[in-house]
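Peer 1: One structure, pasted below without further comment.
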Amino acid sequence: MHLLGPWLLLLEYLAFSDSSKWAFEHPETLYAWEGACVWIPCTYRALDGALESFILFHNPEYNKNTSKFDGTRLYESTKDGEVPSEQKRVQFLGDKSKNCTLSIHPVHVNDSGQLGLRMESKTEKWMERIHLNVSERPFPPHIQLPPEIQESQEVTLTCLLNFSCYGYPIQLQWFLEGVPVGQAAVNSTSLATKSVFTRSELKFSPQWSHHGKIVTCQLHGADGKFLSNDTVQLNVKHTPKLKIEVNPSDAIVREGDSVTMTCEVSSSNPKYTTVSWLKDGTPLKKQNALMLTLQEVTKDQSGKYCCQVSNDVGPGRSEEVFLQVQYAPE
């Protein structure tokens, strides 16, 4: 069965159903996979008295001829007693006044569809519906990145899975280029009526060398078995990273010789926009190419040279090269 994007939305809203007598709070849709379980946090309000009958239907349909709901009965509890579910998969963990929490363990693909909570008090009846989506295999978590990542600035990476269930422990683990990271990751779960999820947050101070690297969040079962994963490629904004090459390599020449300096841009994100050369900290005029050629040098051109390349993040500067121009005694 195709999973309808469980990572796309964190169910922060409530599903409300309200007649003049009934009100419910629960996640609108719950997600699980074959063999796992579903924990359905649920609260309700019945103003006319205590709950007398509760039936959990699978894909209920109202029959106008009988004025009753038809569908598979997964669980039933009346004032006369409880009717156990098949293999006791379904547990009603609520009460007769405000709690309608349910558990289905194990859950199967054919449980997907609509769950109907048929509630009856002494004078009122209500059918509350909850969507259940069960995939054949464990669905992947989803890595959430901040809008922009910049070198040396701490960011938080979030790995989110729209699943959590008591009695079915899982673990989210972080990897960078296949190497485990995330010893300081903060893990949390929610089984509230507002949302059901498992989350891991990793604080990370990326360097420019992390640009283009692969970050993975893996989902593991209680036995450590790999279940699924999500991967992203880091886009780390950084200033240009430079290296300067000189010919001759020792940067020692005689007056009248020529010198060539090349500014190599090993990395720049985003692409660089300007190039300049400096001698002893002062910009050289009309020198805005990656190659600087000095023809027939004089002793006055001895000094420290470097290149500076800028992008939208800022300027990057190479190491300095000391050019030594030898000359005859005057």
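The backbone N, Cα and C atoms fix where each Cβ goes, and this holds for glycine too.
Found this in Swiss-Prot, in case it helps:
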{"type": "BINDING", "residues": "ARG118", "note": "N-acetylneuraminate binding site"}
{"type": "DISULFID", "residues": "CYS37-CYS165", "note": "disulfide bond"}
{"type": "DISULFID", "residues": "CYS42-CYS100", "note": "disulfide bond"}
{"type": "DISULFID", "residues": "CYS159-CYS217", "note": "disulfide bond"}
{"type": "DISULFID", "residues": "CYS263-CYS307", "note": "disulfide bond"}
{"type": "DOMAIN", "residues": "18-136", "note": "domain 'Ig-like V-type'"}
{"type": "DOMAIN", "residues": "240-324", "note": "domain 'Ig-like C2-type 2'"}
{"type": "CARBOHYD", "residues": "ASN65", "note": "N-linked glycosylation site"}
{"type": "CARBOHYD", "residues": "ASN99", "note": "N-linked glycosylation site"}
{"type": "CARBOHYD", "residues": "ASN110", "note": "N-linked glycosylation site"}
{"type": "CARBOHYD", "residues": "ASN133", "note": "N-linked glycosylation site"}
{"type": "CARBOHYD", "residues": "ASN162", "note": "N-linked glycosylation site"}
{"type": "CARBOHYD", "residues": "ASN187", "note": "N-linked glycosylation site"}
{"type": "CARBOHYD", "residues": "ASN229", "note": "N-linked glycosylation site"}
{"type": "TOPO_DOM", "residues": "18-330", "note": "topological domain 'Extracellular'"}
Peer 1: Could you give me three numbers for the domain 'Ig-like C2-type 2' (240-324), the DSSP helix, strand and coil residue counts?
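Peer 2: Computed counts for the domain 'Ig-like C2-type 2' (240-324) are 3 helix, 49 strand, 33 coil.
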Peer 1: May I ask you to report the DSSP-based helix, strand or coil state of ASN99 (N-linked glycosylation site)?
Peer 2: strand
Peer 1: Going along the chain, which residues six or more apart from ASN229 (N-linked glycosylation site) have their CB under 8 A from its CB?
Peer 2: PRO140, PRO141, THR216, CYS217, GLN218, LEU219
Peer 1: Sort out for me which one of CYS159, CYS263 has the most neighbouring CB atoms within 10 A, since those are the disulfide-bonded residues we care about.
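Peer 2: Neighbour-count leader: CYS159.
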Peer 1: Please tell me which one of the recorded positions listed here (ASN99, CYS159, ASN162, CYS165, CYS307) sits closest to ASN133 (N-linked glycosylation site), measuring Cα to Cα?
Peer 2: ASN162
Peer 1: Here are some disulfide-bonded residues: CYS37, CYS165. Which one has the most Cβ atoms within 10 Å of its Cβ?
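Peer 2: The most densely surrounded of these disulfide-bonded residues is CYS165.
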Peer 1: So which of the disulfide-bonded residues is most packed in, judged by how many other Cβ atoms lie within 10 Å of its Cβ, out of CYS42, CYS217?
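Peer 2: The largest 10 Å Cβ neighbour count belongs to CYS217.
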Peer 1: Under DSSP, is ASN110 (N-linked glycosylation site) part of a helix or a strand, or is it coil?
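Peer 2: Assignment for ASN110 (N-linked glycosylation site) reads helix.
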Peer 1: Please identify which of ASN65, ASN110 has the densest Cβ environment, defined as other Cβ atoms within 10 Å, among these glycosylation sites.
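Peer 2: Per the Cβ count, the most surrounded site is ASN110.
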Peer 1: Which whole-number mean pLDDT does the model give the domain 'Ig-like C2-type 2' (240-324)?
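Peer 2: Reported value for the domain 'Ig-like C2-type 2' (240-324) is a mean pLDDT of 96.
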Peer 1: How many neighbouring Cβ atoms, not counting its own, are there within 10 Å of the Cβ of CYS100 (disulfide bond)?
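Peer 2: Taking every protein chain into account, the count is 24.
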Peer 1: Within 10 Å of the Cβ of ASN162 (N-linked glycosylation site), how many other Cβ atoms are there?
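Peer 2: ASN162 (N-linked glycosylation site): 25 neighbouring Cβ atoms within 10 Å.
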